[in-house]
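What follows is a set of notes on a single structure, which appears directly below.
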Amino acid sequence: MIDTLPAFWAVIPAAGVGARMAADRPKQYLELAGQTLLEHSLDCFLGHPALKGVVVSIAEDDPYWPGLRYASDPRIQCAAGGRERADSVLNALLVLHAQGAGDSDWVLVHDAARPNLARSDLDKLLSELADDPVGGLLAVPARDTLKRADSHGRVSATVDRSTIWQAYTPQMFRLGALHRALAECLVSDVVVTDEASAIEWSGQAPRLVEGRSDNIKVTRPEDLEWLRQRWAGKR
């Protein structure tokens, strides 16, 4: 690990609706320990000395963002949320370009509903990728036995988990490379579920940086309940 961490921009796509949560609002605005998941996710970055700024992609008709304490923070800019995650991230990168960010600047993209990022994991990612020619992402080696299912919901095969990792965020890439990769995927109608998959499609191999398994993304109600119990010291 290097002694000096590289400066970086953070991008948080926050325009999704989180349908699987079946909540009365988008999941990034659900509360955990007195503030929203989005605010917790922002907290992971705003106290970091290497941060240059943050762009949050927000849905056009979002009624919740203006009421957050970070809505008027000068370190945070907003971008228009898009139909898909890739659109939202690409719009955020355009905002960074407009602010004078260069193609060689590092950008870290983080899920709005992933509030439990440890500072040690963030520093590890920055340190290990500082001189990497491609960039990479936090990830966790698969622990459970993995099964491939057929169309009838029955096991068709057991997957060798020795080379399988779960992709987490932040995902860290150079602004120019990520912009080109996402733009090319959108033009080619390639579906990408994260930034690393866009970089992969462009022919590059992102590096996997092992992180903590408790850096979970809130996707279902039980995820939020687990975090509430953990943060309350009950787990």
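Every residue gets a Cβ built from N, Cα and C, even glycine.
The site 'Transition state stabilizer' annotation in Swiss-Prot covers ARG20, LYS27, and the record cites sequence analysis as its basis. Marked as site 'Positions MEP for the nucleophilic attack' by Swiss-Prot on the basis of sequence analysis: ARG161, LYS217.
Counted within 10 Å of its Cβ, the other Cβ atoms near ARG161 (site 'Positions MEP for the nucleophilic attack') come to 13, all protein chains included. Taking the C-alpha atom of ARG20 (site 'Transition state stabilizer') as reference, the shortest distance to any of the recorded sites LYS27, ARG161, LYS217 belongs to LYS27. LYS27 (site 'Transition state stabilizer') sits 10 Å from LYS217 (site 'Positions MEP for the nucleophilic attack'), taking the CA atoms of both as reference points.
In three-state terms derived from DSSP, LYS217 (site 'Positions MEP for the nucleophilic attack') belongs to neither a helical nor a strand segment and is classed as coil.
A gap of 21 Å separates the Cα atoms of ARG161 (site 'Positions MEP for the nucleophilic attack') and LYS217 (site 'Positions MEP for the nucleophilic attack').
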